[in-house]
Amino acid sequence: MRLGGPWAWLLGLPTAVVYGSLALFVSVLHNVFLLYYVDTFVSVYKIDKAAFWVGETVFLLWNSLNDPLFGWLSDRRFLSSQPRSGTGLSSRAVVLARVRALGWHGPLLALSFLAFWVPWAPAGLQFLLCLCLYDGFLTLVDLHHHALLADLALSAHDRTHLNFYCSLFSAAGSLSVFASYAFWNKEDFSSFRAFCLALATGSGLGFVGAARLLRRRVEAAGRELGCPAMAVNGGLCEEELLVGREDVGSITLGQYLQQLARHRNFLWFVGMDLVQVFHCHFNSNFFPLFLEHLLSDHISLSTGSFLLGISYVAPHLNNLYFLPLCRRWGVYAVVRGLFLLKLGLSLLMLLAGPDHPGLLCLFIASNRVFTEGTCKLLTLVVTDLVDEDLVLNHRKQAASALLFGMVALVTKPGQTFAPLLGTWLLCFYTGHDLFQQPPQAPVGSAQPWPEPPAPPPAQAPTLRQGCFYLLVLVPITCALLQLFTWSQFTLHGRRLHMVKAQRQNLSRAQTLDIKVV
């Protein structure tokens, strides 16, 4: 049947655009979730403190473990060096399996997002279940989406092209943060619920449509290469790609971990990425604090809110410039340049001091934007590690989702260390505890909420000075650590070309001829 009108236009979209649109359907939900879920349960549903911390503790454990768990369940069949008789998978079958997973898990992510905004259980129980369900489906979507980046394309040019559209659509999805301000009202929650319903509906339908378009592309490529059974039986071709060279069966999780422990570039990368995740979340956690104590006397409240909102969008737009540089110079060189830039700007700010509000404003914004942008570029490095893992261990297929999950397992503790270490450093230097309500009531005071006494002049600049040193010394330390670990990373230049050539020979990547442009 020949389709016309808008359907024909949709079918004619480049694969890179369809793949990138998946980032839009995640971004429109996730940015609203991050901004409002705590305020909703604390201010609207009135969750008690104990239930809140129990939910956050369980969520912390689940968030750390579900990446490798889902990655292992998804990709463990690819780890053996030689496929079992009659069950080998082609590259097209792997891609189709990931696309089908996105078609199912995407709408379920949208449904779990909706579960936050309607009270349907006691607040503590709903908080725990909603967090775990939402993060579980988000992890499944992210793992398969990132894995497709490694499975759809092999060359650095094609992967940066796919990532370019991810950044473009993620920036568009971040605009939901600005739109949400028009509907957010703690007293009348109905308009915000309707807004979230519209977001979830658009996201769920978008996942279904994008998954179908991607599936058509893969099946069409299979038919052109003489694999008509793909459209019927889900992608298993008569010819199977026998990548392995060792006569071994499926490996255990312990054996896989031993292989990772011998993967030198993986170890250096996760060491660097742990620092990067720490720095990203440090900036997110302390961005409002820096604005309040370093710039509140020089910028208006609306300007501060605008800076906070634009910080969600700018990293994606920033990557639209850096990704073409990655094609020209390589991801390794661009990331190293960003580390040097972070170090240089931080040293300049340290020498200038805290009494230059314009320079401070520029530094705070650029520090967050460049750091978040670097995090998004590192996805390309993980795809190169997927290639090297396949070549080093002679796998029958690239275990893309599993490797992304293992990277997340090692680096996610940086999310927890960021607020803990930041608040400890601030308390150590200034004596100011962020977990206590400032200022303290005078000893023996009968008033439960006394008027705050004016701070002594000698102590007035202490907290401001502490925030300034925290602002500049953390990125300096992170940059130095990252420059050292990144200098030990060898998967670039000649070695990277050699790995990609070997993967192409092992995987016969030409059997998946899907144009991404």
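Glycine too: its Cβ is placed from the backbone N, Cα and C atoms.
Per TrEMBL, the features are:
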- 7-38: transmembrane segment (TRANSMEM)
- 95-117: transmembrane segment (TRANSMEM)
- 123-141: transmembrane segment (TRANSMEM)
- 162-184: transmembrane segment (TRANSMEM)
- 190-214: transmembrane segment (TRANSMEM)
- 266-287: transmembrane segment (TRANSMEM)
- 299-317: transmembrane segment (TRANSMEM)
- 329-352: transmembrane segment (TRANSMEM)
- 468-486: transmembrane segment (TRANSMEM)
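Under the criterion of 3 or more C-beta pairs below 8 Å, with sequence separation of 6 or more, the transmembrane segment (123-141) and the transmembrane segment (329-352) do not qualify as touching, having fewer than 3 such pairs.
Ranking 162-184, 190-214, 266-287, 468-486 by CB pairs under 8 A with the transmembrane segment (329-352) puts 468-486 at the top. Nonlocal intrachain contacts for the transmembrane segment (95-117), taken as residues 6+ away from its ends with a CB within less than 8 angstroms of a stretch CB, comprise 22, 25-26, 29, 33, 37, 40, 74, 89, 126, 129-130, 133-134, 136-138, 140-141, 144-145, 147-148, 151-152, 189, 192-193, 196-197, 199-201, 203-204, 206-208, 210-212, 214-215, 218-219, 230, 234-235, 401, 512, 514. The transmembrane segment (190-214) is in contact with the transmembrane segment (7-38), judged by 3+ CB-CB distances under 8 Å for residue pairs 6 or more apart in sequence. Contacts between the transmembrane segment (162-184) and the transmembrane segment (266-287): absent, as fewer than 3 C-beta pairs lie under 8 angstroms at sequence separation of six or more.
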